[in-house]
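Student: One structure, as structure tokens, below. Some questions next.
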Amino acid sequence: MRAREVVAVLGAGVMGAGIARVFARAGHEVRVFDVDPAAAARAAESAGASAHDSVEGAVDGATIVLEAAPERLELKQALLAQVEAANAEAIIASNTSSIAPDALAAGMRDPSRLVIAHFFNPADTVPLVEVVPGPATPVATVERMTALLTAAGKTAVPLAQQVEGFIANRLQAALYREAMHLVELGIATPEQVDLAVTAGLGPRWALAGPFEVMDLGGLDVWTSVADGILPTLGDASAAPAMLRDRAARGDLGAKTGEGFLPRDADAPARFAARLAALLEARAAIDGG
Ligand SMILES: NC(=O)C1=CN([C@@H]2O[C@H](COP(=O)(O)OP(=O)(O)OC[C@H]3O[C@@H](n4cnc5c(N)ncnc54)[C@H](O)[C@@H]3O)[C@@H](O)[C@H]2O)C=CC1
Ligand SMILES: O=C(O)[C@@H](O)C(=O)[C@H](O)[C@@H](O)CO
């Protein structure tokens with residue numbers, strides 16, 4: 001890993017702006033590009049980075065390219081092609097939430113340059129970054145990205161191989177599918193489901209993951225629970241109507257103020273501040 005990388009962040013929205021701050025705070029040179037120049041300028045200012053008005057300008061001489069454009073396969077593939085044409089050397093990391101690297105790299109001249117570096121929202125607060133190789137990604141690239149992220153203070157978790165949604169989003173998707181199923185059945189409101197997590201599951205999950213929780217609860221008990229519950233879970237294989245319909249009418253949540261629950265424009269900032277305080281408290285519990 002180089003002492004000081006030159007990191008080009010492409011896409012300066014919810015995630016890209018935070019990713020730019022992560023690498024800038026770690027002492028790397030950071031450049032930002034966005035098709036919306038105002039977004040690039042805001043992100044660059046908040047990170048102490050430089051804003052660029054073209055992909056080519058941002059990636060020229062870059063050693064790491066971090067793609068954080070919208071979750072649309074064709075858009076990402078076109079952007080990766082622009083990067084390859086303008087930079088022959090950099091590692092290209094995508095912050096995609098769910099797209100398997102081999103699908104992203106399908107049109108690339110050199111798929112070995114691609115790795116997934118999946119940050120979590122807010123990117124400069126949540127420690128986890130999943131590092132996911134595609135079939136052509138060398139181990140050395142996974143190791144270099146993992147080392148870079150670890151040195152930047154993140155908790156980098158390398159996966160052995162690719163799978164759609166990686167670890168955390170597969171777990172989130174399973175949970176969110178059942179959360180929406182419970183609301184669709186009229187069992188609970190969104191507020192009640194959220195409270196069951198924040199007053200019960202969430203605090204435990206901040207300290208113990210599913211396998212540790214099962215060990216703590218007893219694998220005999222969990223065997224009975226799994227046998228009893230699994231056959232009754234919702235089995236939606238696509239976004240349920242209550243999610244898709246809201247997105248289709250432009251109720252996008254914090255982005256627009258209306259989603260499942262009313263959100264004002266400051267909600268993401270308040271959440272990030274409370275999350276940072278919680279992580280600091282956990283660090284104190286764990287001995288710093
Ligand atoms: N929002 C979230 O909670 C998380 C999102 N992600 C992933 O990160 C990526 C970005 O997501 P968000 O930041 O939420 O999206 P966003 O919509 O907030 O930001 C995307 C940015 O990309 C820009 N953009 C559009 N086309 C572009 C292009 N061709 N080149 C450069 N920039 C372009 C847009 O102007 C926008 O500013 C997606 O792949 C998403 O799945 C990953 C983790 C969490
Ligand atoms: O939760 C996160 O920050 C990440 O797992 C994501 O990728 C987002 O949830 C994304 O899937 C939707 O915002």
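Even glycines carry a Cβ here, placed using N, Cα and C.
Annotations for this protein, taken from TrEMBL, read as follows:
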type	residues	note
BINDING	GLY11, ALA12, GLY13, VAL14, MET15, GLY16, ASP34, GLU71, LYS76, SER97, ASN121, LYS255	NAD(+) binding site
DOMAIN	52-159	domain '3-hydroxyacyl-CoA dehydrogenase NAD binding'
SITE	HIS118	site 'Important for catalytic activity'
DOMAIN	165-261	domain '3-hydroxyacyl-CoA dehydrogenase C-terminal'
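Help me understand the surroundings of these features in the structure.
Tutor: If you draw a 10 Å sphere around the CB of LYS76 (NAD(+) binding site), it holds 23 other CB atoms from the protein chains shown.
On the 0 to 100 pLDDT scale, the model's mean across the domain '3-hydroxyacyl-CoA dehydrogenase NAD binding' (52-159) is 97.
The Cβ of HIS118 (site 'Important for catalytic activity') has ASN95, THR96, SER97, VAL129, GLU130, VAL131, VAL132, PHE166, ALA168, ASN169 as same-chain neighbours under 8 Å, each 6 or more residues away in sequence.
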Student: In the three-state scheme derived from DSSP, which category covers HIS118 (site 'Important for catalytic activity')?
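Tutor: The three-state answer is strand.
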Student: If you count Cβ atoms within 10 Å of the Cβ of ASN121 (NAD(+) binding site), leaving out that atom itself, what do you get?
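Tutor: Step by step: centre on the Cβ of ASN121 (NAD(+) binding site), count other Cβ atoms within 10 Å, giving 16.
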Student: Using a 10 angstroms cut-off on Cβ to Cβ distances, just flag whichever of GLY11, GLY13, MET15, ASP34 is the loneliest among these binding-site residues.
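Tutor: Comparing Cβ neighbours within 10 Å for the binding-site residues GLY11, GLY13, MET15, ASP34, GLY13 has the fewest.
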